[in-house]
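Q: Annotations per TrEMBL:
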- 87-145: domain 'Chromo' (DOMAIN)
- 229-287: domain 'Pre-SET' (DOMAIN)
- Cys231, Cys242, Cys269, Cys273: Zn(2+) 2 binding site (BINDING)
- Cys231, Cys233, Cys236, Cys241: Zn(2+) 1 binding site (BINDING)
- Cys236, Cys269, Cys275, Cys279: Zn(2+) 3 binding site (BINDING)
- 290-413: domain 'SET' (DOMAIN)
- Arg301, Gly302, Trp303, Asn370, His371, Tyr412, Lys440: S-adenosyl-L-methionine binding site (BINDING)
- Cys373, Cys439, Cys441, Cys446: Zn(2+) 4 binding site (BINDING)
- 435-451: domain 'Post-SET' (DOMAIN)
Amino acid sequence: MDLWSDPVNSSSYVLQSGGLGESEHKSSAEFSFSTQLRHEMGKESYFLIVAWYVPCLAAHETLQELCRKENLTCKSIGIANRNLKSYEVEYLCGYKVEEGTEYYLVKWKGWPESTNTWEPLENLKCPLLLQNFHNDQNEYLSRAKQGKALITRKHGKALKPAVVDYIVKKAKQRVALQRWKEELNRKKNHKGMILVENTVDLEGPPLDFYYINEYKPAPGINVINGITTGCECSDCPAEKCCPKEAGCLLAYNKYRQLKIQPGLPIYECNSFCRCGPDCPNRIVQKGTPYSLCIFRTNNGRGWGVKTLQKIKTNSFVMEYVGEVITSEEAERRGQLYDNQGNTYLFDLDYDSDEFTVDAARYGNVSHFVNHSCDPNLQVFNVFIDNLDLRLPRIALFSTRPIKAGEELTFDYQMKGSIDPISDSADALSPARKRTRTVCKCGAVCCRGYLN
């Protein structure tokens, strides 16, 4: 048997059972299986080609488990005859001592849990997984405040069920977060890496979040207004570079850091400009230059983002992206988000309040950046390939030096326009006039509310 990739939908796979003839192509999100049928016609035998249709959103590991369970091969997901029966430890999920020999229950990577086996310690060549196993034991006992040491191997006892349950949950979480990290780094289009970390609880990746690199406009909204001209500079900035043509100042100095005040717009060179990719006026469009870590906060603020590299003052850090919707739709969604305690709506109010960016389901790393009343990031409106003042891109720049390992935050009430911010709820834009959410930023100057 073999498995081949669907030529129409490359994200789905077909498990094919051998025989004569051809299988009928299907596009199916359901999992179905047909058995091989044999027809006797006189002295000749014919075999009907049948197939499994597996979910196109299934992870490779899930498909690998299905393959090995049914003894199938699939070159598309790395299951060939040479490694169909190979075994690699994915995580350890149990411990016992029998007749003086230590055993660990092993979950094999790419194999279903029904194939887990007890293996003697001497056969295991996975020091990191062994370390994770014992660290999880210690963590559970510490959190349970039992004040006891680990169950020693000399006692010859199996672990308590509650301890095993926690270890398995942590192992599965670790695997899920690793897969999520790999997915995020496959989808991103910027230089910096994305790491994921949770040392606080058992929360795994968000179930309803989809990573995107640019605005996702709702039907009827055009975020590309068909710009057809650019500057003729061979060495920007020249006299007629994009910012000057727009009647604005060049935003960056020779070190590619901001030199304009908050509230002023940024006009970068666009796809029709004569200058190349190394132009000093192409900063935001290149994406996040820093490696960042999505981490679980320990004070009830959910996920947060910290930088893994030091960031200088006035440096571009990231862009805020999501669905672009009308302010009316934002008001409707906002009522739902309030009930969930979520805040992902960002009003595009540089020139008007017609549109809002919703990063609840679609977004990038900025989706996970927390609010602070004393933030280290500042909002700026950016215009590149779209000069519609109602639809600026939102860029976050550092307001001060940021150390490696420091959390990144911005003020959810911060505006990209030059208008001052008011602490009054009545001064908020239409998408903000809703139930107020208590702030947990902990800043000395905390206003008490996120919105």
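Residue 1 is the first one shown; counting continues down the chain.
Just so it is clear, glycine is given a Cβ too, placed from its N, Cα and C backbone atoms.
TrEMBL annotations: computationally assigned, not manually curated.
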Q: For the binding-site residues Cys231, Cys236, Cys241, Cys279, Cys446, work out the Cβ neighbour count at 10 Å and name the residue with the minimum.
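A: Per-residue Cβ counts within 10 Å for the binding-site residues Cys231, Cys236, Cys241, Cys279, Cys446 bottom out at Cys446.
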Q: Which one is it: of the binding-site residues Gly302, Cys373, Lys440, Cys441, whose Cα lies the shortest distance from the Cα of Cys279 (Zn(2+) 3 binding site)?
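A: Sorting the binding-site residues by distance from Cys279 (Zn(2+) 3 binding site), the top entry is Cys373.
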Q: In the predicted model, what is the mean pLDDT computed over the domain 'SET' (290-413)?
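A: That stretch averages a pLDDT of 94.
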Q: Given the Zn(2+) 4 site residues Cys373, Cys439, Cys441, Cys446, which other residues of that chain have a Cβ within 8 Å of the mean position of their Cβ atoms, reported in sequence order?
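A: Filtered neighbour residues, in order: His371, Ser372, Asp374, Lys440, Gly442, Ala443, Cys445, Arg447, Gly448, Leu450.
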Q: Whole-number answer please: how many Å between the C-alpha atoms of Asn370 (S-adenosyl-L-methionine binding site) and Cys241 (Zn(2+) 1 binding site)?
A: 36
Q: Looking at the binding-site residues Cys231, Cys241, Cys273, Cys275, Cys373, which has the shortest Cα distance to Trp303 (S-adenosyl-L-methionine binding site)?
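A: Result for Trp303 (S-adenosyl-L-methionine binding site): the nearest of the binding-site residues is Cys373.
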Q: Taking Cys241 (Zn(2+) 1 binding site) as the reference, which of Cys231, Cys269, Cys273, His371, Cys373, Cys441 (the binding-site residues) have a CA within 10 A of its CA?
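A: Within 10 Å of Cys241 (Zn(2+) 1 binding site): Cys231, Cys269, Cys273.
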Q: 10 Å Cβ neighbour count around Cys373 (Zn(2+) 4 binding site)?
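A: Its Cβ has 19 other Cβ atoms within 10 Å.
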